[in-house]
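Participant: Shown below is the structure under consideration.
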Amino acid sequence: MNQKDTRKETLEFNKLQKRLRRHVGNAITDYNMIEEGDVVMACISGGKDSFAMLDILLNLQKAAPIKFDVVAVNLDQKQPGFPEHILPDYFETLDIPYYIVDKDTYSVVKEKVPEGKTTCGLCSRLRRGTLYSFAEKIGATKLALGHHMDDIVETMFLNMFHGSRLKAMPPKLRSDDGRNVVIRPLTYCREKDLIRYAEHKNFPIIPCNLCGSQENLQRQSIKAMLIEWDKKTPGRVEAIFKSIQNVSPSQLADRDLFDFENLPLDREGNREQYEFSEAVVSSTNIDESMFIDVTNI
């Protein structure tokens, strides 16, 4: 690579880095993800997304107007062949506090889930429970997960297609028991940007052999669908995500979300903009024979 190409690559990466930091900063601000004095437990799986999240959080921490701590935590699920030294070595180079939590959820998943079936559901529940408990143990006030915009949109379609529910992943979530708060700082970030970022940063990525081997997962087919949409119509994923942020309950059909049964007719208040005058009506060619007599209905 010549000097000109190197300069161009550096320039492109700087733009990418600024964009990702801006997206993370905006998400944190919009959803009040991190507050003064928070202890943020960054959950690091060894994948590109969690590495990028940790890297960006540490950079934002230096310039943030508030003080908060970041603690890196990895759950070692005892998958065969998992390189146990990689994450501790990486955390040491960052000079940050970290923990490796040993919990053999791999054996539980392999025992409970039939061969060929999706392991993601049980695996994530076991992982979540372990991380929730550990967050309380170390006094963490927020759990940061590396889900990005594509994950959120994919999850929405997964729930629509296979669960008949209009449900995605929230940027910020309180656990069912109220004891933990989960944040997703990468909510506004696209996966394609994170891939480029991870490649440039050369993170020591650790593949997940448990779920990575299941090529026919429902999520993979939805991911392929979204990639195709994004090629044909750039910005489609962002538009879908924005729709999740702009929900109109009265324009959907959930009776628990909106009271459709009790919609009283009110003609005493101010008229809407659709009001028209008799003069306008009389000046148009209206065939009155087309009107329906509703008096006898």
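The backbone N, Cα and C atoms fix where each Cβ goes, glycine too.
Quick caveat, the model's predicted, so the values are computed rather than measured.
What TrEMBL records for this protein is below:
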BINDING   Cys120, Cys123, Cys211  [4Fe-4S] cluster binding site
DOMAIN    41-203  domain 'tRNA(Ile)-lysidine/2-thiocytidine synthase N-terminal'
MOTIF     45-50  motif 'PP-loop motif'
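Set these features in their place in the structure for me.
Facilitator: Annotation note: Cys123 ([4Fe-4S] cluster binding site) sits in a helical segment as assigned by DSSP.
Applying DSSP to the motif 'PP-loop motif' (45-50) sorts its residues as follows: 3 helix, 0 strand, 3 coil.
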